[in-house]
Amino acid sequence: MQESGYVPLKIADPALLFAELGRQPLPGMSLEEMADLMADLGEPRFRAKQLFQWVYQKGVKDFDAMTNLPARLRQHLAGTTMLRLLEKETEQHDRRTGTTKYLFRLADGSQVESVLMRQSWGNSVCVTTQVGCRMGCTFCASTVGGLVRNLTAGEIVDQIVMMQRELPQGERISTVVLMGSGEPLENYDHVLKAVRLVHDPEGLNIGYRHITISTSGIVPGMRRLAEEGLPITLALSLHAPTDELRRQLMPVARIWPLAEVLAAAREYGEKTGRRVTYEYILIEGVNDGPEEARQLARLLKGALAHVNLIPMNPVAERPQYRRPGPERVNRFKEILESNGIATTVRREMGGEIDAACGQLRNRAQRKHMGR
């Protein structure tokens, strides 16, 4: 059912891009699809599992590395398929936090950002689901320039595979968050296929409970995801405790009021048994005061909830918004916790990289345009 005022995203399927290139992308194919490919080539079914592992688990960049495949098959695949869908353009390191941000180029020349965070408990990655974004959140760099296109499931998964390759031998990615540029629930089919591929034991083998999907509050998508029966963590970008303020910050709030968004979030928690994470960006003088904290506490009272506070990262394209000082951040957190709301403050990426999502891509585009 179409919600009043909401026009579902209607753009060409990104998979058509590869049809135009005349090569079939291997990233994005399920084990069953690879089995069909092998059958079409007259190969035994077990070759599909071998190929699947080379593409996802081992992440090789050259068909010659697939040593357990016959030379004739490797040669055929090299001429008719694409093994990797991304090319690393640049990277930024923050030595203090062990965070690396990557800028990848896609087959059509588009660029996307991904982040690898190395931590004591494991390695996590933040990946992008769209080139650009049409949500129009006023504090976000990703929306500058609007939406270009959806990513395919293969392009989403390949970000993870490429970052897995960057880790020392013996280390692996343990947590995936789909919280980069774009609205994942507007690219639902490709995102869900990517999640299933990431989970596959023959591939990256990352448990559903270690995968998070973020949304700005696309209510039909939230309800649909709840019906999937997957124990994925849902992260809802809330960012304001009232409809009036949320509409100012997030155009999507003009379609679904807070009551409807929160009802969908509670439904998700009830159906999956997973605690919903509420993302809340703190903007100095806009939504970071004690009254906003008390309003947020009342809003989430009794819900299976965890609030993740995100002090505003500087965004060149959004100079009107500033980051609050530590005292205001801590005061906001204390008010929530005193009301029984589990709350954390997001770990800093650090000042050595463009921390805000979308910054690296925007800078590269400005450089390309000579600005």
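The backbone N, Cα and C atoms fix where each Cβ goes, glycine too.
Cross-referencing SER214, SER338 with the S-adenosyl-L-methionine binding residues that Swiss-Prot gives (GLY182, GLU183, SER237, LEU238, HIS239, ASN313) picks out SER214. When the alpha carbons of CYS140 ([4Fe-4S] cluster binding site) and SER237 (S-adenosyl-L-methionine binding site) are compared, the span between them is 12 angstrom. On the 0 to 100 pLDDT scale, the model's mean across the domain 'Radical SAM core' (119-352) is 95.
Note on CYS126 (disulfide bond): other Cβ atoms within 10 Å of its Cβ, all shown chains, come to 24. When the binding-site residues CYS140, LEU238 are compared by the number of other C-beta atoms lying within 10 angstroms of their own C-beta, CYS140 comes out lowest. Considering other CB atoms within 10 Å as the measure, the emptiest surroundings among the binding-site residues CYS133, CYS137 are those of CYS137.
A Cα-Cα distance of 10 Å separates HIS239 (S-adenosyl-L-methionine binding site) from CYS137 ([4Fe-4S] cluster binding site).
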